[in-house]
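Down below is the structure, laid out as structure tokens.
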Amino acid sequence: MARPGHSAWLVLAAGVLLLAASASGQTQNCLSATFQGGRTFQKCGNMAALGASLHWTYHAVNGTADIAFRAPQGSNGWVAWGINPSGLSMGGSNVFIASHDDSSGTVSVLTTVLEGTSPTFANQSLSFPVPVPPTADYAAGVYTIFTTVTLPRNSTTQNTVWQAGQGTTGAYSPHPMSEANLRSTLSLDFLSGQSTGGGSNSRLHRRNIHGILNAVSWGILIPLGAMIARYLRVFEAADPAWFYLHITCQLSGYILGVAGWALGLKLGSESKGITYNPHRNIGMAIFCLATLQVFALLLRPDKKNKYRFYWNIYHHSVGYSAIVLSAINIFKGLDILKPAGGWKTTYIAILATLGGVALFLEAVTWAIVLRRRKSDKSHAAANGAGWQHQRQAA
């Protein structure tokens, strides 16, 4: 029997062998590719997403690189590869898009600069020289784009991007927003072949955090706090605990919501040329309304103050407006992020649960309030009758 120390070394050695085999398999995957006309390339690498691979030969004498980008896609779809001189994002990227032409059925390549989330895809010159006009072919369900580029700023390290979506030449549909599509960026050194994911995975992680913070704060805690204030205050035994629970939910939701809002602003500043105007504008409105609610606490009149009635109208209208806008914006955020289907379903289930509980408590509390009013009228009538009896006796 092997001693514990020997077992640990065996496990470590097995792990190293598996990693080596995996790396070897990945290298063989891109090295086994063959190209039309017998073209060869000095280096290759499997991309982190969408099943793509990049093959290149770097020429130090003039700072150019011969490129072959391969990606699987149906004949009714498109693939793209490019370089972004400004950062690891799609906005501002200089890209080559390969697709089938509807009229001729041939494969063509369009070059363009992505200026935003809805680019025009007009064929235009790139911001760096392209000494050899790009070409492309399509075989066995795989597009291959061939080109030669002069690396921007004469630097061997470049921000590379790639994508895939549906549509043919002149009718490109937006690419999906799946995790794989959002991970399709990396920083590549064309000289050494070393690559890093840059901010792609980190950015996706922060987008997820942004979504979770906002869903929990604006979408759960704030509505829950409003329900506590509306329904628990009816129960005499819950006074004044309901007030402190209400304040706790609202302040916690506001703090988490502001953190999610600030993270969204940061993500937006890092995504030049990519804006989601409705989502951003509604988020700004929610932040303003929620901040007004916080300041309203400092101006809350006493219950006997003549302005308390108007303060209540303001407090309720602003609060409910923020809740409605929050639900709308969370769904817009889910449509942008496109997480696994379970997330949207879960949030719908949470909303349905909150709505069901609210309807139940609405019926219960109204029954309590009406019973109290009836009881108060009975007491008032009894007291009035007693008073009349006393006057008659006198």
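Using the three backbone atoms N, Cα and C, a Cβ is placed for every residue, glycine included.
Broken down with DSSP, the domain 'DOMON' (50-165) shows 3 helix, 63 strand, 50 coil. Residues annotated as domain 'DOMON' in TrEMBL: 50-165.
Annotation source TrEMBL lists domain 'Cytochrome b561' at 171-370.
The signal peptide feature in TrEMBL is assigned to 1-25.
Here the transmembrane segment (209-229) has long-range neighbours at 242-243, 245-250, 252-257, 259-261, 263-264, 267, 283, 286, 290, 319-320, 322-323, 326-327, 329-330, 333-334, 337, 339, 347, 350-351, 354, 357-358, 361, meaning same-chain residues at least 6 beyond its ends whose C-beta is under 8 angstroms from one of its own. Look at TrEMBL and you will find 209-229 (among others) tagged as transmembrane segment.
Sequence annotations record features per position, and here TrEMBL assigns transmembrane segment to 241-262 (among others).
Sequence annotations record features per position, and here TrEMBL assigns transmembrane segment to 282-299 (among others). Residues 214, 218, 222, 247, 250-251, 254, 257-258, 261, 264, 311, 314-315, 318-319, 321-322, 325-326, 328-329, 332 of the same chain, all 6+ positions outside the transmembrane segment (282-299), place their C-beta atoms under 8 angstroms from a C-beta of that stretch.
Annotation source TrEMBL lists transmembrane segment at 311-331 (among others).
Positions annotated as transmembrane segment by TrEMBL: 346-369 (among others).
Listed by sequence, the residues of this chain that lie at least six past the ends of the transmembrane segment (346-369) yet keep a Cβ under 8 A from its Cβ atoms are 215, 219-220, 223-224, 227, 230-231, 234-235, 327, 330-331, 334.
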